[in-house]
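Read the structure below first, then the notes.
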Amino acid sequence: METVVDASTSEEANGSAVEKKPIVVFVLGGPGSGKGTQCAYIVEHFGFSHFSAGDLLRAEMNSGSENGLMIRSMINEGKIVPSEVTVNLLQQAMEESGNDKFLIDGFPRNEENRAAFEAVTGIEPAFVLFFDCPKEEMERRILNRNQGREDDNIETARKRFKVFLESSLPVVEYYESIGKLQKIDAARPIEEVFESVKTVFASINEKVKPHGRAEKKFTLLKLQLKWKMNLLRNGVCKGY
Ligand SMILES: Nc1ncnc2c1ncn2[C@@H]1O[C@H](COP(=O)(O)OP(=O)(O)OP(=O)(O)O)[C@@H](O)[C@H]1O
Ligand SMILES: O=c1ccn([C@@H]2O[C@H](COP(=O)(O)O)[C@@H](O)[C@H]2O)c(=O)[nH]1
Ligand SMILES: [Mg+2]
């Protein structure tokens, strides 16, 4: 597996810094594999902002927005919500965070998601964490979660798992093929899983050093401008 390359510290041959891009880490894994749990620890230790695409969609669903009914029906069927909706929510959350280091949890879910995020934001992940967990263990965790999620029932869990195998695993395999995948054995107790996660982040920590305050603000302004230009150029998201 190739070592992680961080987009934020690219330098020209003469050593002068060119562009500081936001640092994005995608966090993938089957339903109930422990993505949200581990992200909370990563935030605490490594100063990232964490955005779960599923959480953003559930908030949008409950906000009374025009997409609410569509999102509810997709979530209850374990289906993948159209990219323009999810990318829009992620982009908004990233802009509003004031941070420039992001953990994007549960996204991209399929190839279309992956391509849309890249086309709209111009950002590729520094690396991708993949929580690898057996189906039976994921099922057990979902059914014991008890957080009032409408999709935490055996019927929807199985649909989500099928969609994960058919649509999300190919994305995981894509990142493996380009050397960006960091695979973690997620079947172990939470603390043990986090030990492995820590090792991954510690080994790339030098490369993902936090930007200074002024630098951070400048990065975000450039980011917003770039997104707007990408939209004008590509028109990827019909909803804008
Ligand atoms: N390593 C672990 N061992 C045992 N239980 C765990 C572990 N990690 C997480 N859990 C528990 O399993 C449940 C699912 O975890 P979590 O919500 O983090 O998964 P997720 O990957 O975000 O799921 P989803 O894709 O459905 O959002 C939670 O109740 C959590 O406390
Ligand atoms: O990028 C995404 C993320 C999620 N969904 C939908 O939400 C549910 C729940 O997602 P969790 O990651 O388990 O919170 C998922 O089954 C999808 O229906 C999505 O469409 N796109
Ligand atoms: Mg989650």
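Glycine is no exception: its Cβ is also placed from the backbone N, Cα and C atoms.
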Residue in Arg109, Arg114, Arg145 which TrEMBL records at the ATP site where Gly32, Ser33, Gly34, Lys35, Gly36, Thr37, Arg188 also bind: Arg145
Taking the binding-site residues Arg58, Ile80, Pro108, Asn113, Arg149, which residues show a Cβ-atom distance to ligand 1 below 6 Å? none
Binding-site residues (Ser33, Asn113), the one with most neighbouring Cβ atoms at 10 Å: Ser33
Three-class DSSP secondary structure - Ile80 (ribonucleoside 5'-phosphate binding site): coil
With an 8 Å cut-off on Cβ-Cβ distance and a minimum sequence separation of at least 6, pull the same-chain contacts of Arg149 (ribonucleoside 5'-phosphate binding site), or say none. Arg58
